[in-house]
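Below you'll find the structure, written out as structure tokens, and then a few comments.
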Amino acid sequence: MADQFKYREDREAYSAARVRALEALLIKKGIITDRSVDTVLDYFETKMGPFNGAKIVARAWVDHAFKERLVADTPAAIAELALPEGMAGAEGEHMRAVANAPGVHNLIICTLCSCYPWPVLGLPPYWYKDPTFRSRAAREPRAVLKEFGLAVPESTEVKVWDSSAQIRWFVVPERPEGTEGLSEAELEALVTPEAMMGVAGAA
Amino acid sequence: MLTRFEQFAVNEMMGKPDTPPRANGTLCFANDWERTAFGVALTLARNGYFEWDDFRDELITQIGTWEAEHPIDRSSWNYYERWLAALEKAVVKSGLLDPAELSAALSASPAEPHAA
């Protein structure tokens, strides 16, 4: 066991040293700068990702009028928030929000292509592109949701939204019970990408 | 459609043999060198030093070779080790770095460890 651990540590040190050396050489030659890596990663870490979706959902939970505007005209409502530039442009302009409510549960899928509301949800999980998931979710969403651990009562209607190049859907989950005292920032932490895809609730 | 290169580059990999590790909608880096290796490759492709598809072909080859060499015990798998190997190939194949220049830069690094 100890040897295994040592081996792992040695490999980490080996890779870390090589990356450092390669980066240093590229910087020395003026090919990249010492800011290049952070600049590229900034896009994934602060600009476009599930943290944007969480902000939108948390606002919808605390502001009912915003939620109505969000469902009626998603890009216009998103533009009201101080989110990174590009949210409402490019891919963002095609986004449409659907809100869960008592008696209605929404699920987003994409049967044909790789459409995903990236600026709001970040990178799709492995199973999202799995052909079996895509076809089964369209055919028997209730059974698929149950396998995700989400038992939707028979009395609740399940609506399935198939994203396309034109429209990319995301779900506004219901606000969890007992969260009345939480701040908007605390509410954001309860919103997961899975909840905004409709395969989980917010909790 | 107007799309940022960063988005295009990673989206292309989704559901493919070279799909990067991720959780909760974000990329997963176990430590800083993985993040740096990712960032360097993306920067070089974005700035036109090599084609993203060529880098991906190299990465898929590296993954395939590793899998062929580890048919049973894959406990030592690390995605970004393959990424780094592909990046080292790509900077030479594209003519960006001279092989001797790269070897010299890497010569101060520790020797590759092998499992006992």
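Residue numbering: from 1, along the chain as shown.
In case you wondered, yes, glycine gets a Cβ from its N, Cα and C as well.
TrEMBL annotations:
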- A:15-200: domain 'Nitrile hydratase alpha/Thiocyanate hydrolase gamma' (DOMAIN)
- A:Cys110, A:Cys113, A:Ser114, A:Cys115: Fe(3+) binding site (BINDING)
Which state, by DSSP, holds A:Cys110 (Fe(3+) binding site): helix, strand or coil? coil
In all the protein chains shown, the tally of other Cβ atoms within 10 Å of the Cβ of A:Cys110 (Fe(3+) binding site) is 20
Near the Cβ of A:Cys115 (Fe(3+) binding site), how many other Cβ atoms are there if near means within 10 Å? 22
Check the DSSP secondary structure of A:Cys115 (Fe(3+) binding site), expressed as helix, strand or coil. coil
